Amino acid sequence: MSRPSADNASMLSYQGSTHGSIKGSGRVFTFSLDNFSNRDFIVKDFIEALSDSATPASRKSAPGGSQTQFDPKPLIRAFEHAQGRLNTLSEDLEERENELSGAVRRAEAQHHANAESLGRKLNQAVDRFARLDSSLNGSGGEDGYGDTGGNVAVRIGEKLEELDRQLKRSNDAKFLILCWQEVSQRGSLETLEDVKRRNDIVECARIARQLLKISSRLDPDSNQGVNGNASNGVKRPERSKYPTKEIIEKFLENLEQDLLAKFDDCLRRANYEGMRECAITLKDFNDGSSVIATYVNQHSFFIDRTQLVTDELVEDTETWDRLQDPDAEPPGVEPSLQSLIDEVKIVVQDESAIIKRAFPYYEEVLIRFLQRIFQQSIQQRLEMVLEKANELSSLAFLRSLQASRSYITTLVDDLKAHGLTEAPEPVTSQIAATLDQQLEELFVPYFVGSSYIEREKRNLEELYSSLLLKFTSYHEQRRRMPTSYFGSLAQRGKEFAASARDAYMERLDSADLPTTQKAMLLRIAGLKEDQSDKKNIETTEEDGKLSILTTKRMLKWLAEGVGRGLELSPTNDTPKDVQNLQNLLLTHVGEYYLETALDAASDHAVSQENMKTPPDLTHLPSIQTLTIILHLLQTTIRTILIPLATPSLTIRREIEKSSTATMSTLESKLSNVLNITLTATLNWVAKCLAQQKKTDFRPKDDMDLMAASSETPACQAVVQFLTRVATQASGALSGRNLSLFLSELALGLRALVLAHLLKFTVSQFGGITVSKDMTRYAELVRNWPTGEDLEPGAMDVLVEVGQLFIIKGDALKFKLSQAGGEAGELKAYIRQREDVGSADVQAALGA
C-alpha cells in the first residue's frame, strides 16, 4: 500500500473539539468534520493513512527478503475505532443540520410577515396617491371637494405667475421711468451706472436701449418742433432741456466698450462662457460686428503674420532657375506660401472649435475669420510670389500661378472635408460657398477676359521663336547662296522666317522684357547676350536641319500649357483655348519649320532636274526626319487637342479642318518633292543611257566582242546610280512611301530602257549584250522593297525583250504567237535586229 502524500498527511492531523483519535502501533491518527468538508479530501488517501497508522513499525522495517507473518488485528482495531468515530461525527452532523433547518424556517416566517406588512403599506400609499391625483384632476371625491382640488391649484398657480410677471413689468417700468426722469431732468444716468457697477452689464444694456427708444419718441430732435409744438398741429410732449439721445448713445457707446473689454478679458483667460454671454449682448450693437472685429483683429495669427508680410521670399536660386527653365520640371509651390497655407489649415481647424463655443452665431464669425485670412494673409503672400515670378519670366509666372492655385484649392478641399464648426460632418453650404468664393476672388485678376490664354500664347511664341531663331536666321542668310540643299532652304518660307525673326529680335530689345527671361530665351536660342542686337547671327548647316529633339521640346512645352489651361481656365473656355494653342502649333511647327524645309527641298530637287552631273539628292535623308515630325504633329493634334475640343462641336470642326488643311499641304509638298526627285533621277538615267555606243550592241572587231561579254558601261552607270538612289530613299522613306517611290522609279526605268532599245540596231553578238543589260536591270529592281505596289514580273518584260535579239526561227515564231495583243510592240524590237532581212526573221514577222 502506497504512503499518503505530505499534503494529505498534514490534512489528516487536525486537532479540535470534534476530533477523534485512533491509537495504533504507537501513533495516534486524528480526524474531524473539517477533514471531510475540505475540497481536496480523497477517500483513498484517507484509507491509506488509516491503514498506515495501524501497521506496526517492526513490520515496516523488516528486510525485504525475510518472511513476516501478517497480523490483521491492528487493522481491525483501527477500522473499528474509526467506524465508531465516524458514527459519532455523523450524529453530531445530523444534530447541527436540524438546528440550521429550524433557524431557516423561522427566518422564512419572519420574511413572509415583513413582506405582507410592506405590501399593505404600499397599497395604502398607492391609494393615497390615487386620491390625491383624483383631487388634483377635479374628478370629485367622497368629501365633495373635488372641484377645489387640482384645477383650483392650477388656476392659482397661473394667477400667481401672471401677477409675478406684472410685478416684474411694473418694477421694470418703474425703474425705466426713474431712469428716464433722471436723464431728462438731471441729464445723468447714475442709476444705470449703479447697475453697471454691480456688473450686471447685460441688463444694463437692455434698459439703455429701451431708454433710447423712449428718447426717440418723447424727446424728438429740434427740427421736429420746439417746446411741444410740432407740425400738422399735433402737440408733442415738452422737450427736455438735456440732450437725452446723445447722453444715452454715449452711455451705450461706453457700455459697448466695456462689453468689448470684458469679452477681450474673457478671450485672454479662455473663458468661453463669458465670451458667449458678451457676444449675445453685443449682437444688438451693430449686429455684433464690433465683437466679431475684436475677435478677428486680435487673433494671434494675424498679429504674428502682420510682422512677416514684408519678409522677403525664399532666395533659392536653383528653385527659381528651375521655375523659368522650360525643359525642367516645375518645382511646385513657393516655400513661404506653402508654409503659410499649411499654418492656415491648422489654425482654421483649431479655431473653429473655439468659435463654436464662444459665439452663438458662430457661422457668421467663421465666415469673417475666413475672409480675413484669405483677403489679407494669403492674398498678400500670393501677390508677392506672383510678382516675383513675373519679374523672372512669363513661364515662371504661369507655373507659379498653377502651383499656387493647386495648393490653395487643396486647402479649401481639406477644410470642407474637415467640417470646421460642423466636424466631423462636412461644412455647411454657406461655409462651402464662402470658401469657394474666396478661392475664386484670389485669382480673379489673373483670369479677366482672355488675359490668361494670351499669357500662354505669348510664352509659347517666345519659346518657339527662341528655339527656331537660328533655323530661320540660317534660311534668311543663305537665300542668295543656293549652292546646296541647306543653302536653298531659305528661298521658300523666307517671308515667314524673316517676319518671325524680326518680331523676336524686337521683343528681345523691349524694355518690358525681364532680364532673366531675356537670358533664358537667348540660352534656348543658343546665343550669347552680346549677339542679341546683331542682324546677322552666325549659323551653321546644322542649324538649318530639321531636328526631332527640337520638335519634341516644342510639343512638350505645348502639352504643359494645355495641362495648365485645363487646371486653371474655366471648363467652358477649354475648347477655345485649345484652338488658340493649336493655331500656334500649326503656325510654328507646320509653317515656320516643316513647310520651310519642304519648300527648300523642292527647290533643291528642281535644281537637280537638268544638271550635267549626277543629281545631288542630299535632301532625301531629311525626308525621314520630316516624316517623323509630321507624324508626331498629327498624333499630338489627334490624341490631345481634338478630344479636348469635344464640348464645342463648332470649334472641334474648325480644329479638324485647320489641321487637315495643314496636313494636306505638308503631305502635298512632300509628294511634290518625291515626284521632282523621281524626275531628276530618271533624267539622269536618260543621260546615262544616252552615252550608249552603237558598237555596244553591234560589235565589229575583237575588242568589241570582248566588251560584249559583260554589261555595257551605260548599264553599269545606270545600275550604280540607281543603287545609290535606292539606298538614300530607303534611309529617308519607309513603308508605303518607300514602296511607291521605288515602284515609280522602276516603271520609269523600264520605260526609258524600252524606248532606248528602239534607237539601236542589234547584231547577233550584240543581242547577248542586250540580254545581259536587261537581266541586270531586272535584278536591280528585284532587290528593291517595292511590295505590292509593283506588279510581279513587271521588270521581266526587259528580259523577254532582250531575248528577242537572240532567238531564231521557230522559237521566234513561238514567242510572237504567245505575245497575243502585244505582238505588234515586240515586232518593233525585232525589226532592230541586224538580220531582220533574213528569211527566218521575215517569216516570223509575217506569221
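From the backbone N, Cα and C atoms, a Cβ is placed for every residue, glycine too.
Please treat TrEMBL annotations as automatic predictions, because they have not gone through curation.
Among the ranges 1-20, 21-40, 601-620, the one that TrEMBL lists as region 'Disordered' is 1-20. Here TrEMBL gives region 'Disordered' for one range in the set 92-118, 470-496, 551-577: that range is 92-118. Ranges compared are 53-72, 213-232, and TrEMBL records region 'Disordered' for 53-72. Break the region 'Disordered' (92-118) down by DSSP state and the numbers are 27 helix, 0 strand, 0 coil.
Within the model, the domain 'Exocyst complex component Sec10 N-terminal' (72-195) shows a mean pLDDT value of 80, rounded to a whole number.
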